[in-house]
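Note sheet for the following structure.
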Amino acid sequence: SSSPDVRRTMETKPVITCLKTLLIVYSFVFWITGAILLAVGVWGKLMLGPYISLIADNSTNAPYVLIGTGTVIIVFGLFGCFATCRGSPWMLKLYAMFLSLVFLAELVAGISGFVFRHEIKGTFYRTYTDAVLNYDAKDEASQAVDSLQHRVRCCGVYNYTSWFGSVYYPSNGIPSSCCLNASDCNQQDLRNATAAPSKVYHQGCYELVTSFMETNMAIIAGVTFGIAFSQLIGMLLACCLSRIITANQYEMV
């Protein structure tokens, strides 16, 4: 009577081995995405700190969210590998449950980013205009304005005329970060409303930054949804493996 059971176990052994291999490969890739998120979060905190203060009203937690998510994914990616090697049904179910939570979180993040992109643009316009009008060349927001103008090669909100209304302009003129050529750009020119236009960038920062955001929004959303749906594959693999092991009570020693 035991022969059909033995035969069934012999048939399911390759299936389990195959599922285990797939799940370990998947967990490893999942672990790598965690490491990438962690790296992006750290890079964002170090490199984009000043710019983030311009885009968000109050200093945003986005880098910390990425660092936290990356760390959690690294831990659970390792847990997934361990659960798969052990062939423990409850561990695999826990892993599948975690993947479903990550899937939902990514879906929410992707959708909200897409839905709120106009609000992000509005906030950027408001905070950037505010930073230009209250520019003093010293505080964090002013340094972020300088850095943005210099790197993106832009000047003012819509163009250099935005600076005419700032508290900085009457005594200092347009900031030197607007200069086309640093060596051919003195403070006298920057104070002179007729000479300045030929010395500074003509493109406004608002348009450049928002068009860059719009162009890349589709790519970011695509990547987010791609990663989110890869989570479904992991959930299916973990659930299938858990069920087959439970049905056969097949434990790897």
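Numbering starts at 1 and runs along the chain as displayed.
Each Cβ is built from the backbone N, Cα and C atoms, and glycine gets one as well.
Summarising the annotation, TrEMBL assigns disulfide bond to Cys155-Cys178. Using a 10 Å Cβ-Cβ cutoff, Cys178 (disulfide bond) registers 26 neighbours.
The transmembrane segment annotation in TrEMBL covers 21-44 (among others). Within the chain, the transmembrane segment (21-44) has long-range Cβ neighbours (under 8 A, six or more residues past its boundaries) at 52, 62-74, 76-78, 80-81, 84-85, 99, 227, 230, 233-234, 237-238, 241.
If you look up TrEMBL, you'll see 64-82 (among others) marked as transmembrane segment.
Among residues of the same chain six or more beyond the transmembrane segment (94-116), those with a C-beta under 8 A of the stretch's C-beta atoms are 30, 69, 73, 76, 79-80, 83, 217, 220-221, 224-225, 227-229, 231-232, 234-235, 238-239, 242. Annotation source TrEMBL lists transmembrane segment at 94-116 (among others).
Marked as transmembrane segment by TrEMBL: 217-241 (among others).
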Task = Return the residues near Cys155 (disulfide bond), defined as same-chain residues 6+ apart in sequence whose C-beta is under 8 angstroms from its C-beta, sorted by sequence, else 'none'.
result = Gln149, Ser162, Trp163, Ile174, Cys178, Val200, Tyr201, His202, Gln203, Gly204, Cys205
